[in-house]
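Database features (TrEMBL):
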BINDING   Gly100, Arg101, Met102, Met103, Asp104, Leu133, Tyr137  NAD(+) binding site
BINDING   Asp177, His263, His282  glycerol binding site
DOMAIN    16-142  domain 'Alcohol dehydrogenase iron-type/glycerol dehydrogenase GldA'
Amino acid sequence: MGGNKMEEAYKFGCGRYIQEAGALLRVGEEAKRFGKKALILAGPTAWKVSEEKIVRGMKDAGVNHVLHIYGGYPSKRQIDENATQFKSEGCDLIIGVGGGRMMDLAKASADACACPVINVPTIAATCAAYAPLSVIYTDEGRDPEYWWFEKEVDAIVVDETIMAHQPARYLAAGSLDAIAKFVEVHHNRGAFTPTSVPVDVYAAYHSAATTYELLNLFTEQACADVAEGKLTEAVHTVVFCNIALTGIISSMTRGRGQAALGHSFYNGLKTCFFDETHGYKHGELVGTGLLVQTAFDKNDELRSAVMSLLKKSKLPVTFAELGITDKEKGVRKLADYMENYDGIKDIPEGKKRLIGALETL
């Protein structure tokens with residue numbers, strides 16, 4: 001079963017990736033590659049918009065299914081329940097349909113069942129459909145922990161018709177989560193040359209730089225397009241960046257970006273200020289964390305770019321905007337929470353620099 005120890009093996013993503021309009025009809029044919037009876041784990045909203053085409057495709061492919069609708073957090077209790085249902089119903093693969101939480105739940109449940117998993121994301125707010133790890137919470141959504149898996153996702157099916165009708169806020173959050181990879185790969189590093197960093201970091205850096213460039217060019221237009229339900233080249237590009245390219249980068253770094261400041265800031269908020277930040281998406285809080293990351297690294301150019309995107313997206317850039325009215329308390333509690341992350345504790349005066357970075361919010 002997935003565990004807290006980071007994997008040493010590289011897992012470069014998914015066995016098969018499909019992104020096109022009407023792709024939901026292909027879920028059945030993909031499922032047929034891996035089994036005869038699927039346990040479908042779906043979010044309630046996601047299933048409403050995808051049921052008709054997925055069920056039709058499954059029927060055409062001759063693959064049976066059992067449906068489990070779930071709207072909560074991926075938790076150990078829910079993973080165990082899914083594994084019990086999987087066994088009792090005689091299933092041989094799992095299909096996840098929904099947002100990032102459902103993608104993480106499907107991966108973790110498939111790992112517990114030692115079976116193939118197909119992810120069908122209905123929003124592009126994270127790369128969770130792709131990355132070979134899951135964020136697992138309590139049933140209430142607290143205390144996030146990361147589980148790394150021994151194998152990658154077997155297939156991902158992205159229906160662009162569905163993607164073109166997602167809330168613009170989700171797409172913007174996904175872009176911020178994707179941009180985090182570019183910001184976090186800079187953490188505590190100097191120049192990036194073929195001889196100054198390991199080859200995997202060098203390759204991840206240039207892939208992240210490409211993603212960063214594309215998202216800066218297309219995110220604003222793509223968000224405007226999905227607000228009107230339009231499927232455009234901008235939407236196609238941003239969805240591909242948010243899910244596939246970012247997933248590849250995460251895989252290339254073996255998920256180690258999850259321990260950088262942007263993501264550790266998110267973890268700290270979810271642990272120390274859960275009620276205040278409960279209404280924000282993962283990528284939105286990571287985006288605010290990137291302001292801390294870039295301040296810590298004294299990267300004014302990147303900080304300015306992140307600040308601009310956050311403000312354009314009307315996302316929080318201060319403690320007060322996060323709902324944390326006592327800034328001193330916010331700085332103190334987050335600094336205490338984050339100081340033991342590798343990117344802080346291994347740096348001279350790391351906590352002092354962290355406090356200074358947090359005070360910029």
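Here the Cβ of each residue, glycine as well, is placed from N, Cα and C on the backbone.
Cβ-based neighbour count (10 Å, all protein chains) for His282 (glycerol binding site) stands at 22.
Between the C-alpha atoms of His263 (glycerol binding site) and Gly100 (NAD(+) binding site), the distance comes to 15 Å. For the pair Gly100 (NAD(+) binding site) and His282 (glycerol binding site), the C-alpha distance works out to 9 angstrom. Look at Gly100 (NAD(+) binding site): DSSP puts it in a helix.
In this structure, of the binding-site residues Met102, Met103, Leu133, the smallest number of CB atoms within 10 A of the CB marks Leu133. Spread of the NAD(+) binding residues is 13 Å (greatest Cα-Cα distance among Gly100, Arg101, Met102, Met103, Asp104, Leu133, Tyr137).
Every protein chain considered, the tally of other Cβ atoms within 10 Å of the Cβ of Asp104 (NAD(+) binding site) stands at 26. Put simply, Asp177 (glycerol binding site) is 15 Å from Met103 (NAD(+) binding site) when counted between their Cα atoms. A distance of 14 Å separates the Cα atom of Asp177 (glycerol binding site) from that of Arg101 (NAD(+) binding site). A Cα-Cα distance of 10 Å separates Arg101 (NAD(+) binding site) from His282 (glycerol binding site). Each residue contributes its Cα atom, and for Tyr137 (NAD(+) binding site) and His282 (glycerol binding site) those atoms are 13 Å apart. Each residue contributes its Cα atom, and for Met102 (NAD(+) binding site) and His282 (glycerol binding site) these two points are 13 Å apart. DSSP states for the domain 'Alcohol dehydrogenase iron-type/glycerol dehydrogenase GldA' (16-142), grouped as helix (H, G, I), strand (E, B) and coil, give 55 helix, 34 strand, 38 coil. In this structure the residues listed as binding glycerol are Asp177, His263, His282; their two most distant Cα atoms lie 9 Å apart. In the shown protein chains, 29 other C-beta atoms lie within 10 A of the C-beta of Asp177 (glycerol binding site).
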